[in-house]
C-alpha cells in the first residue's frame, strides 16, 4: 500500500506540474513531454489497481453513436455524397494505416499528432492523419494522372480533443479531389462551388469561405524579411489567427520562434487585411508584393478565380483573407477554409463554436514526393469537417426536440386476433420480396394496442392488419398511424398502395 500511495503522490505532483506549464504557456513540446510522463505514471497506477477497478469506457477522443445519432449522420452523408456524385466523382478507398514513411514529412508541425502503431517486428506503420496523403500515394502507385474522386473514411490524430466542439482523435473526413493538368483555376472554382453547395444544403447557418494562396503567403514572408528557414514555422503561427489575437501570435513569433519584432509588425500589416477582388487588385499594386514573382502569380490566379466564382454565383460567400495559412506543408497554391458566421441557438444560450467546418486547397507537388521519377500530378481538393457539422445538427435537434426516425420501416404487419402468426410471417415475407421495408413483432399473439403503440414510438407510418374476416375476403386492412383512418386493400394491390402512400419508387433489388 505504501508503494501505491507513493505512486498516487507522484501522479498528483506530475499533474500539478503539467497544469503549471499550461498556465505559464510553456512550449507545446515541453507540455507534451510532461503529459507523456504523467500518462505513464497513470498507466502504472492502473496496472496496480487490477481488473476489478477497470472502468468501462471508450478511449479518450472517441465516442459511440446511438441509432438516433447515426440517423442524423446518414442524412448528412447522403447530402454530401449526392453532391459529390452530381459533380461526376468516382469513389475509392485506402487502408486505415500506411507505412510510416508515407506520412512522414507531409504535415509540418502537425506531424507530432500522427499515431504510430507498435512495432510488431515488421513494417513501421502509422494510422492515417488525413485522406489526402494516401490519395497522393494511390495516384503515384497506380501511375494515374487524371481522376475526380471522393473518399469518406475515418482518420486519426493524437490531439487533445474538445469533444463538445466536434473535435476527436478518431473522426470522419469527406474528401473530394480533382487530379490532372487543366487550365488554371477552373477545378479550384468547382471545389469552392461544391463546398458552398454542401454547406447550403445542410442548412447549418450562414458561413463564409476564406481564400488565400500559399504563394502569396511565401511572397509576403519574403518581402517582410522572414528568413527562408522560418517560412513554415511562421506560417503555422499565422494559421492560429482565427483562434487567438494578433498580439498572441506576434508574441509566439518573436518569443518562441525568434523573429525580429519589426518583421512581425510588417507581417501584421498584411495578415489583418481581408476583402474581395478589389483587395487582390490593390495588392497587385503594392510596392513590395508587386516585386515578388510568387506573390504576383498567386494574386493573378486569385483574380481569375474570383471571375469564375462570380459566374458560379458564390462570390458573395467568399472572402480573400491574408491571415488564412493552413498549416499543412503540402499546399502549393490556392487554399480555402469555411467557417460559420453564427451558430443558431435558443435564446440565452452561448453559441457553439466549432471552428472550421470545411477546408482544402491546391497541392501540386505531393504526388511527386511518391513518384520514383518525381513526376508531378496537379491536384486540388476539399474536405468537409463532418464531425463538427454533426455537433451543430445534434444541438439544433436537441433544442427543437424534433423527433428523429432511426429506422426506415414503411409498414408493420399486425394481427387483430390470436393464432395468426403464420399469416403475418407469410405477408411480411411477401412485402420484403417486393422491396417494402416491413416489420412484425416477435410474439405469437401480440395485442393490437401494443402493435399500434410500437408504430407510434418508432415513427412507422402504416399498419397492415390481418384478421380472420380479412383473410376470408382476400383483403388487408391498411391503417394510417397518423390519421387512424383504415381502408380495406386487396392483397394483390397492397404493395402498390404502400408504395403510393410512402412515395417509394419501384424496388431495383
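Using the three backbone atoms N, Cα and C, a Cβ is placed for every residue, glycine included.
For the L-histidine site, Swiss-Prot records 130, 131, 132, 173, 177, 326, 330, 331, and the single candidate of 86, 157, 158 listed with them is 157. DSSP assignment over the domain 'WHEP-TRS' (3-59) gives 46 helix, 0 strand, 11 coil. The highest number of surrounding Cβ atoms within 10 Å, among the recorded positions 132, 173, 356, is found at 132. Largest Cα-to-Cα span within the L-histidine-binding set 130, 131, 132, 157, 173, 177, 326, 330, 331: 21 Å. Within 10 Å of the C-beta of residue 331 (L-histidine binding site) there are 26 other C-beta atoms, taking all protein chains into account.
Contacts of residue 130 (L-histidine binding site) defined by a Cβ separation under 8 A and a same-chain sequence distance of 6+ are given as 155, 173, 175, 383, in order along the sequence.
Nearest by CA distance to residue 356 (phosphoserine), out of the recorded positions 66, 132, 326, 331, is 326.
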